[in-house]
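Novice: Can you keep this structure in mind? I'll have questions shortly.
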Amino acid sequence: MSSIGAVSSVDDMIALTASSSMLTEPRLTVDLDAVGHNTRTLASKTTLMAVVKADGFGHGAAEVARTALANGAIALGVATLDEAIALRAVTDAPILAWVTHRASDFDAALLAGIELAVPSVDHLDAITRAARTTRLAARVHLHLDTGMARDGAPREQWLTLAAAARRAERLGQIDVVGMMSHLGLGEKPGHPATAAAVTRFVEAEAVLRSVGLRPAIRHLAATAAALNEPAARFDLCRIGAGLYGIGAGLREAMTLTAPVVSVRDVPRGTPVGYGHSYVTDRATRLALIPLGYADGIPRIASGNASVLVRGRRTPLAGTVSMDQLVIDVGTLGVEAGDIVTVFGPGDDGEPTIADWARWSRTIPHEIMTGIGSRVVRSVA
Ligand SMILES: *Cc1c(COP(=O)(O)O)cnc(C)c1O
C-alpha cells in the first residue's frame with residue numbers, strides 16, 4: 001500500500017500532532033489554592049454556603065465544592081436540580097437548589113437529599129407530592145422577594161405560603177429548615193434598598209413565627225453584602241463571586257493563556273481585522289492568538305483590552321473575531337509559540353477578570369462563566 005511508508009512514521013505524526021496541539025491550545029488554569037484562601041478569608045467573617053452553580057462559575061463545580069468544604073464552607077448552593085444531584089456524588093454536605101419549577105423532578109431531589117428553595121404554593125404542592133411518593137421529608141427554605149421581583153415569593157403571598165408550609169410540616173412532608181431572600185443592590189454599599197430588604201426579611205421571619213415555623217438558617221446576602229453589610233449576614237451567606245476572587249483581599253483563581261500562532265510584520269497604515277477598526281500607526285508586528293468571542297473573549301472589549309506577552313501589556317488590534325484575535329506587539333520581539341496571558345490574578349501585570357469585566361461593561365461573573373467549551377481546563 002502506498003501508505004506503508006507513512007506507517008513507520010505514525011508515532012512521529014502522533015508526536016507532531018500532540019506537540020502542535022499543545023502549541024496551539026488555549027488553556028484555562030484554575031488555582032484551587034486561591035479558592036481555598038478565599039473561602040477561609042470569607043469564612044472568618046461569616047458562615048458560608050459555597051455557591052457553585054454554572055460549573056462553579058466556570059471553575060469546575062466538583063473541585064470548587066470539595067475545596068470550599070475543606071476550607072470552612074458548611075453547605076453548597078446551586079441553581080438547578082441537575083447541578084445539585086451531580087454534586088451529591090461529591091459530598092454529603094447540605095446542597096440547596098433554588099431554580100426549580102413545579103414540573104421539576106422533586107422525587108429525584110428528595111432521594112438525593114437535596115434541599116429546596118420554595119418560592120410559591122405551587123412549588124410547595126409539587127414538593128409535598130414528591131414527599132408522599134418517596135416517603136421522605138423535604139428540607140426546604142422558604143424564599144421571599146425583598147425587593148428585586150425575581151424569584152422569591154411576593155410579600156403579599158408570604159403568609160399564605162407560610163401557612164401552607166406549616167400544614168405540610170405538621171404532616172411530616174417537609175422540614176422548614178431555612179428562609180431566604182436575595183438582594184438587588186448588594187453591590188452598592190449602604191444603599192437604602194438593602195436596609196429596606198433587611199427590614200422586610202425580619203418582618204417576614206416574624207410572620208413565619210406567627211404560624212409556628214422557626215427556620216434555623218436565615219440567609220439573605222451574597223458576596224457583596226456579606227463583605228459590606230454586616231446587618232444582612234444573618235445565619236449564613238451564599239458566597240459565589242468571593243470564592244472565585246471577586247472582592248477586596250481575595251484572589252482570582254483563573255488564568256487564561258494562549259500561544260501566539262503566527263506573527264506578521266506590517267507597515268504603518270495597515271488596517272486590521274473586521275471593519276478595519278484598527279489601523280497601525282507605525283510599522284509594527286501583529287501576533288495572532290487563537291481565542292475569540294466563541295471562547296468567551298467579549299467582542300465589546302475590542303477597543304479597550306490588552307493582554308500580557310513578554311512581560312508587557314499589549315493592546316488588542318481591531319475587533320475580536322469568533323475564533324481569533326490579533327494583538328499589536330510592536331518591537332517586543334514576539335514570535336510564534338510565545339505564551340500570552342489573557343487574564344490571571346495580576347501578579348505579573350497581566351489583566352484580571354475584573355479588568356475584562358470593566359472593558360466589557362459587565363460583571364466578572366459573566367466573564368468567568370462565559371469561557372467556552374473549546375478552551376482546555378486544568379484544575380489544580
Ligand atoms: C448566584 C447567586 C448567589 C451568589 O452570588 P455572588 O454575588 O456570586 O456571591 C447567591 N444567591 C443567589 C440566590 C444567587 O442566585
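Backbone N, Cα and C atoms are what each Cβ position is placed from, and that goes for glycine too.
Look at TrEMBL and you will find LYS53, TYR274 tagged as active site, proton acceptor. Look at TrEMBL and you will find LYS53 tagged as N6-(pyridoxal phosphate)lysine. Summarising the annotation, TrEMBL assigns substrate binding site to ARG150, MET322. Residues or ranges marked as domain 'Alanine racemase C-terminal' by TrEMBL: 253-380.
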Novice: Looking at the recorded positions LYS53, ARG150, TYR274, MET322, which one has the fewest other Cβ atoms within 10 Å of its own Cβ?
Specialist: ARG150
Novice: How many Å lie between the Cα of ARG150 (substrate binding site) and the Cα of LYS53 (active site, proton acceptor)?
Specialist: 17
Novice: By DSSP assignment, list the helix, strand and coil residue numbers for the domain 'Alanine racemase C-terminal' (253-380), in that order.
Specialist: 22 helix, 43 strand, 63 coil
Novice: Report, in whole Å, the straight Cα-to-Cα distance of LYS53 (active site, proton acceptor) from TYR274 (active site, proton acceptor).
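Specialist: So the alpha carbons of TYR274 (active site, proton acceptor) and LYS53 (active site, proton acceptor) sit roughly 35 Å from each other.
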Novice: Roughly how many Å lie between the Cα atoms of MET322 (substrate binding site) and LYS53 (active site, proton acceptor), rounded to a whole value?
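Specialist: MET322 (substrate binding site) to LYS53 (active site, proton acceptor), Cα-Cα distance: 26 Å.
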